[in-house]
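Visitor: What Swiss-Prot records for this protein is below:
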- Cys76: active site, proton donor (ACT_SITE)
- Cys225: active site, proton acceptor (ACT_SITE)
- Asn12, Asn67, Gly77, Asn78, Asn165, Asn198, Glu216, Arg217, Gly226, Thr227: substrate binding site (BINDING)
Amino acid sequence: MILFSKMHGLGNDYVVIDESAQECIPEDKKPEFVREVCTRGFSVGADGVIFVQPASGEGDIRFRIFNADGSEAEMCGNGIRCFSKFVYDNAIVRKRRLEVETLAGIKTVELEVEDGAVVSSRVDMGTATFKTDQIPMDVEEYEFIDRFLPVEGEDIKLTALSVGNPHAIIFVDDAEGVDLDRLGPAIENHPLFPERINVHFVEVVSPSEIIMVTWERGAGPTMACGTGATASVIAGVKLEKLDDSVLVHLPGGELKIDVYQDGTELGAYMEGDAVMVFDGILLRDP
């Protein structure tokens, strides 16, 4: 039997498994386990699986996240908010300022607590890079900002960047009118992105407000994407389309993104909530 919790951040839903005291799923079995558990209709169903693990020494606790297809992601904005609430509410680490180890480096999470439970969190998402070799992107250009990419017989103007994981940002007039099921996977799996990429279509309502729809790498269409919201606002600031404080409307709810300057680079804070849905037991061997 495997104990788990089901959580979501703006409808981006996850199975959370506590491995802070002992390993529940062997490393070599994690991808297969994730694919099985995330399959809707046949198991719990989720956009991904989060594992809570002990820190290696640099942080308070370690965050690992796997996409529904079994691939491991570097970072996830909605996922880290769920993770932080789980860690605090279950007294695994009882700090209101968490230093969380991720594959994208240490992320600082500040928790707002009421009646002993986390109600909101603010995450320092760190700085973005537009360097194509760090996204990565298989092109000769140093950066790919507001450039055309041939996709499905049309030229799509996009900006590529990484905020610890890769994102393609496409500014459009009507985000909700985009043919996401056609363009999303075509861009995600484009040969210029050797590690695939998260895809976001962004409509600018005003310099302080956007609407965003997402096709996530390894998960498909999702209700929200925290790193994607962060990347979209940073790209908008870079292109002088947006102010440095932006409300992001997603199918699952809203996030607030505040961009800051760190030397020559742009970073951002992401603020939003996370919800505990239920606890459960998987009646299977790991």
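Note that Cβ sites are derived from N, Cα and C of the backbone, with glycine treated the same way.
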Visitor: Between Glu216 (substrate binding site) and Cys225 (active site, proton acceptor), what C-alpha distance do you get in Å?
Guide: 8
Visitor: Consider each pair of residues in Asn12, Asn67, Gly77, Asn78, Asn165, Asn198, Glu216, Arg217, Gly226, Thr227, all listed by the record as binding substrate, and report the largest Cα separation in Å as a whole number.
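Guide: About 17 Å separates the two most distant Cα atoms.
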Visitor: State the Cα to Cα distance, in Å, between Cys76 (active site, proton donor) and Gly226 (substrate binding site), rounded to an integer.
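Guide: Checking the Cα atoms of Cys76 (active site, proton donor) and Gly226 (substrate binding site) gives a distance of 6 Å.
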Visitor: Near Gly226 (substrate binding site), how many other Cβ atoms are within 10 Å of its Cβ?
Guide: 27
Visitor: Per DSSP, to which secondary structure element type does Glu216 (substrate binding site) belong, with helix, strand and coil as the options?
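Guide: DSSP call for Glu216 (substrate binding site): strand.
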Visitor: Only counting partners 6 or more residues apart, tell me which same-chain residues put their Cβ under 8 Å from the Cβ of Cys225 (active site, proton acceptor).
Guide: Asn12, Cys76, Gly77, Asn78, Asn198, His200, Met212, Thr214, Glu216, Leu250
